[in-house]
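What follows is a single structure, and I will ask about it in a moment.
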Amino acid sequence: FDLGLSTLNPVSQTEGRIHFAVVDYVVFAVLLAASMGIGLYYALSGGRQRTTQEFLMADRNMRCLPVSLSLIASFQSAVAIIGVPAEIYAHGTQYWFIGCAYLLGLFIPAHVFIPVFYRLRVTSAYQYLELRFSRAVRICGTLTFICQMVIYMGICVYTPAFALNAVTGFELWVSVLATGLVCTLYTTIGGLKAVIWTDVFQTVVMFAGQLVVIVVGVQKTGGVSEVWRKVWEGNRISGLDLNPDPTERHTFWTLGVGGVFLMLSLYGVNQTQVQRYLSARTEKEAVRSCYMAFPSLQLALALSCVMGLVMFARYCGENHSDKLGTAAGDAMVLYFVMDMLQGLPGLPGLFVACLFSAALSTISSAFNSLATVTMEDLIKPHFPAMTEARAILLSKALAMSYGLLCVAMAYFTHLMGDSVLQMALKIFGMIGGPILGLFSLGMFFPWANSTGAVAGLGAGLSVSFWVSIGTILNRSSGSSSALICSPRSFYMLIASLCSFSRPSGLKRFYSLSYMWYSAFNCFTVILIGLIVSFLTGRRVLTCALRTVYPLLGKLLCFLPERLKKKLCCVTPLGQNELFTKHASNE
């Protein structure tokens, strides 16, 4: 195809593939240099990262604005910037209703999880599990989190590298190394303070890159009214779907209710976010940062969704991803960006910088949180006499090691292919639910014990992997025929098949919408944990009152005091006394 480019255009094309010109590489290089500069600044200023408190927790002295922007950047990865517009382009605006889940998904952490964590003054969220249950539960939770983040970080490193390779022909492994090493370097030398401030910078770049694409796209498509006419005629404006069927991929219930549990697993108990809350100078600042993240998250979602609508107005459902030399559906977003920004010096580089900003912010946050949990949960308990100098050196070595590990994981992601990439994303979503269930079990149910917690976590992870593998095997039989169809005809074929037949029995269970995975696995952990706690004979539950949130006491306020005390649901939040409840089952 002919884009009609002149020699002065910032994007050149040879052999059917679009390539960056010098100005785009300059814009991209400035992003990496700025991120490095922030890391160097915080490595050489202040306390110069000489204590673990400063390196891992930013001296607990951060303001709410940078913390709130860092909360957004931590999980607004390149996967979301490319994936959400592709979702809207293919299926319409139904996904936009996930914004309804943001309200409770941030309100509950602000008033339940943050007060508990902040008053305990923990460094790692998993220290809570030892205070509430036992060291064994803490180690199990830590290892589960490490597994989750290493898999996800490999994907986050790979995605922008794939994008750069698709639109410029830039070597994939060079992109992977550049992303991983730059991020590892500024995280290692600058600590959490550098991570948070680079997140602020990278969030601005993310919003700017998306906004530029939308404005130029609307202008080239014929204006706002023309975009609206085309997306309306193309049935991409979705109404409120109140279908209660849990196997429906996206409805108001799967997105608005199931999405709440997904948000809680990310913004309530994930170490990456908890570490940001705890870096705030006061509890009020931490709560305020959580509230301030809400409008920014809505803006990020809106930009991605509008970008998908402008894409549809431009191409009306056609697939041009093969013109970038790839069959991946998400590559359509990259084609749209390069098509819109041709002839505009530096703007293609700005959008790729936007993708890399999203990736760098997510990856650096993960490196720092992984180093924190490894240091606090797996090393310090065995070496309590370790000097501060050795501890900070080891923390930096851990951050660097995880950086190199995630680069290696990205390489394996590249070797495994797109289907494994999708599987890895699903596994990431399904590991968060059991972790949320483990924290909920400890925080809301005072009579749960450590045996029940370990059993519940094991059951939750087992069920999640069972469902995940069953879903993959259940859908694999139809994948070969889908390869010969265009995306549009494929979606029409699936819709027609679903209208004639519904899966039954175990196949219907495997058809559960992925948005319900977090809720399903969370409740599995809680249910099994409570059953095992009641069946483990003589129980002695000893824990600080401040580790339990009085949820049952507030929900069951109509019960007599005597019955509420018997149910252990009147524990006040924030006290330091210990309570011991003996229950004999002999």
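Just so it is clear, glycine is given a Cβ too, placed from its N, Cα and C backbone atoms.
Whatever TrEMBL says is automated annotation, not expert-curated.
Quantities reported herein were computed from a predicted structural model and do not represent experimental measurements.
OK, TrEMBL features for this one:
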- 20-44: transmembrane segment (TRANSMEM)
- 64-84: transmembrane segment (TRANSMEM)
- 96-118: transmembrane segment (TRANSMEM)
- 170-189: transmembrane segment (TRANSMEM)
- 196-218: transmembrane segment (TRANSMEM)
- 250-269: transmembrane segment (TRANSMEM)
- 290-312: transmembrane segment (TRANSMEM)
- 350-371: transmembrane segment (TRANSMEM)
- 391-412: transmembrane segment (TRANSMEM)
- 424-447: transmembrane segment (TRANSMEM)
- 453-473: transmembrane segment (TRANSMEM)
- 514-536: transmembrane segment (TRANSMEM)
How about the transmembrane segment (514-536) and the transmembrane segment (250-269): do they have 3 or more C-beta pairs under 8 A, pairs 6 or more apart in sequence?
yes
Using Cβ distances below 8 Å and needing 3 or more such pairs, separated by at least 6 in sequence, tell me whether the transmembrane segment (391-412) contacts the transmembrane segment (350-371).
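These two stretches do touch.
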Any residues 6+ beyond the ends of the transmembrane segment (350-371) with a Cβ under 8 Å from its own?
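Sequence-distant neighbours of the transmembrane segment (350-371): 20, 24, 27-28, 30-32, 35, 56, 70, 73-78, 80-82, 146, 149-150, 152-153, 156-157, 159-160, 163-164, 167-168, 179-180, 182-184, 186-188, 191-192, 195, 198-199, 201-203, 205-206, 208-210, 212-213, 270-272, 275, 337, 341, 395-396, 398-399, 402-403, 406.
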Can at least 3 Cβ pairs under 8 A be found between the transmembrane segment (96-118) and the transmembrane segment (20-44), with each pair 6 or more apart in sequence?
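By the criterion, they do not touch.
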Is the transmembrane segment (196-218) packed against any residues at least 6 beyond its ends, judged by a Cβ distance under 8 Å, and which are they?
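Result: 31, 34-35, 38-39, 42, 58, 62, 66-67, 69-70, 72-74, 76, 81, 186, 190, 224, 227, 276, 279, 296, 299-300, 303-304, 306-307, 310-311, 313-314, 336-337, 340-341, 344, 347, 350-351, 353-355, 357-358, 360-361, 364-365.
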Excluding the flanking five residues on each side, which residues at least 6 beyond the ends of the transmembrane segment (170-189) place their CB within less than 8 Å of a CB in that stretch?
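Residues 20, 32, 35-36, 38-40, 43, 49, 157-158, 160-162, 164, 195, 198, 356, 359-360, 363-364, 367-368, 396, 399-400, 403-404, 406-407, 410-411, 414.
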Any residues 6+ beyond the ends of the transmembrane segment (64-84) with a Cβ under 8 Å from its own?
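Distal contacts: 95, 155-156, 159-160, 163, 195-197, 199-200, 202-203, 206, 210, 266-267, 272-273, 276-277, 279-280, 285-286, 288-293, 296-297, 300-301, 304-305, 307-308, 330, 333-334, 354-359, 361-362, 365, 425.
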Can you tell me which parts of the same chain pack against the transmembrane segment (453-473), counting only residues 6+ beyond its ends and a CB-CB cutoff under 8 A?
129, 133, 136-137, 140-141, 144, 423, 426-427, 430-431, 433-435, 437-438, 441-442, 506, 509-512, 517, 520-522, 524-530, 532
